[in-house]
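Only one structure is covered here, and it is reproduced in the block below.
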Amino acid sequence: MFVKPVQSPLRNPPHTHTHTHCQLGSRLNIESTIKTMALCLGQVFSKDKTFRPRKRFEPGTQRFELYKKAQASLKSGLDLRKVVQLPEGENINDWIAVHVVDFFNRINLIYGTVSEFCTERTCPIMSGGLRYEYRWQDGDDYKKPTKLPALKYMNLLMDWIETNINNEDIFPTRVGVPFPKNFQQVCKKILSRLFRVFVHVYIHHFDSICSMGAEAHINTCYKHYYYFISEFSLIEHSELEPLRAMTEKICN
């Protein structure tokens with residue numbers, strides 16, 4: 001199956017236990033929110049489909065205990081604009097890293113649900129309607145921008161993101177290991193390419209999403225994503241143009 005969830009790269013901060021609970025509570029709270037939303041997506045999309053389970057925090061660890069407390073404190077109707085704001089005292093790179101991984105997991109799940117309808121015949125190029133076309137370039141196998149079927153493009157994209165997320169030199173998880181100087185630039189590129197998944201799904205496969213009864217879940221995921229990238233200016237405004245009208249409608 002297409003979906004390939006990845007463990008969020010939360011790092012154990014060098015604080016006392018009391019301070020750590022205060023610092024990370026909000027981060028794990030948003031992680032819990034995201035996981036709950038992903039569970040809703042899984043329930044909606046699970047008809048005749050099988051998804052790989054998400055990785056969990058190891059029982060017995062401090063993170064697991066914090067995760068359970070955050071789960072217990074979850075409430076409905078959270079204001080996503082406030083949820084994405086950097087908590088006081090939180091490291092911005094840790095905050096971005098957590099969100100990049102979670103957005104990857106959820107957007108990967110969203111595309112995985114419509115991938116059976118996204119074939120070389122139905123989607124011979126990776127596009128967003130007639131005005132926007134995306135070509136793949138990774139500097140390795142595809143040194144120049146290359147026109148590809150959407151499904152091929154998506155598979156290459158998800159593999160590329162997963163490789164970056166699992167790279168300790170880019171997304172360090174060990175205590176005391178700093179993020180690289182280009183960390184935010186890499187995240188901007190990841191988030192920019194994930195936006196293209198939204199573009200393709202909304203423009204070419206939204207009927208399938210609606211037939212599954214998942215429109216509200218997709219819209220919530222998109223709104224969360226949009227508020228986050230806007231809060232930290234992680235994508236050039238011009239790149240958001242393909243979904244501008246929809247964004248103005250659901251994100252105001």
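A Cβ is built for glycine as well, from the same backbone N, Cα and C atoms used for every other residue.
TrEMBL assigns the feature region 'Disordered' to one of the listed ranges (1-21, 43-63), namely 1-21.
Close to the recorded Zn(2+) site, the chain also has Tyr111, Val114, Ser115, Phe117, Thr122, Ala150, Leu151, Met154, Val201, His204: residues not among Cys118, Cys123, His200, His205 whose Cβ is within 8 Å of the site's Cβ mean position.
The Cβ of His205 (Zn(2+) binding site) lies under 8 Å from the Cβ of Val114, Phe117, Cys118, each of which sits 6+ residues away along the same chain.
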